[in-house]
Amino acid sequence: MKNRFNSEDKIILAIDGLDLNQAKLLLEKCPSIKWVKVGLELFVREGPRVVEILKGLNKKIFLDLKFHDIPNTMSAACFQVSKLGVDIISVHSSAGLKALQDSKKASLEGASLANLKPPFVVGITVLTSFSLKDFQTDLDRKNSIEDNVLRLAKLSFDAELDGCVCSPWEVKMLRSIYKNNFELITPGIRLKIDNKDDQNRIMTPNEAIDNGASKLVIGRSISKALDPNKALIEIFKSIDSD
C-alpha cells in the first residue's frame, strides 16, 4: 500500500471554468485537496487576489498561465508571479532555451525579493488536446508528438527547469530518461467512466502514476461528479493500491 500522504500530494485539482465562489465551495466539499491549479480563465477573471485567497485556505498553487513570449517578457512575468507565493508556474518550452533560463532566474529573484520560497518552473511540452493528426496538420509538423515532447522536455531540463508538463502517454518515456530528479506533471487524466471532453491523449490516474507521473492535474472528473469528495476518495484509493 502506498503512503496516503504521498497520494494526496500527487493530485492537483483544476478549478478552471469555476468562479471563485464555486471553487471555494468545491474545496469545502473536498477538504483533503492540497494542490489547486489556477488557469488563465480564473486568473484573468479574479486577478492576483485569487492566489491570496487560496493561500489563505492553506492550498498549494499551480499557477498555470503557460507564459510564451520573448525572453524579456516571459522573465518579467515570472518575476511578478513569483512574488505572489505560488508553488508552481508554467512556461512554454517552445519559447526557447534563453526564455526558459531567464524565466527560471527571474522566478528565483522575484521570490527572494518577497522573502518567499521560489516556485518550481515547469515547461509545457505538447498540449494534451492535440491528437497526432491535428498536431501534424495544424502546426505543420512532420515528426511524432513523442519526438516533439522529447525535444521540449530536454530543452526544459537543459534550462534547469524543475520539470515539464506532458500527457500521460509520454510519462513513461520521460521517466526512463530523467529518473526521479525531474517533475512530470500530467493533465489529460480521466476515470474510466468519464467522457474525454477536449482531451485526446488521456489515461486513468492509476495508470499515469504507475508510468511515473509526479503529479496529476484533475478537473472535471472531480468537479463535475455528483459527489466530488467521493470521486476524489476513489482516485486516492486507485493510486494507493499496488
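Backbone N, Cα and C define each Cβ position, glycine as well.
Under the three-state DSSP scheme, Gly219 (substrate binding site) falls in the coil class. Positions annotated as substrate binding site by Swiss-Prot, on the basis of sequence analysis: Asp16, Lys37, 64-73, Thr128, Arg190, Gln199, 219-220.
Under the three-state DSSP scheme, Lys66 (active site, proton donor) falls in the strand class. All chains included, 15 other C-beta atoms sit within 10 angstroms of the C-beta of Lys66 (active site, proton donor). Feature annotation from Swiss-Prot assigns active site, proton donor to Lys66; the stated evidence is sequence analysis.
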Distant-in-sequence Cβ neighbours of Pro71 (substrate binding site), under 8 Å, six or more positions away: Ala95, Gly96, Lys98, Ala99, Asp102, Ser103
C-beta crowding around Leu65 (substrate binding site), within 10 angstroms: 17
Separation of alpha carbons, Lys66 (active site, proton donor) and Gly219 (substrate binding site) (Å): 17
Listed in sequence order, residues with CB under 8 A of Asp16 (substrate binding site) and six or more positions away: Lys37, Gly39, Leu40, Glu41, Leu42, Gly219
Neighbouring C-beta atoms (10 Å sphere around the C-beta of Gly219 (substrate binding site)): 20
Other CB atoms, at most 10 A from the CB of Thr128 (substrate binding site): 24
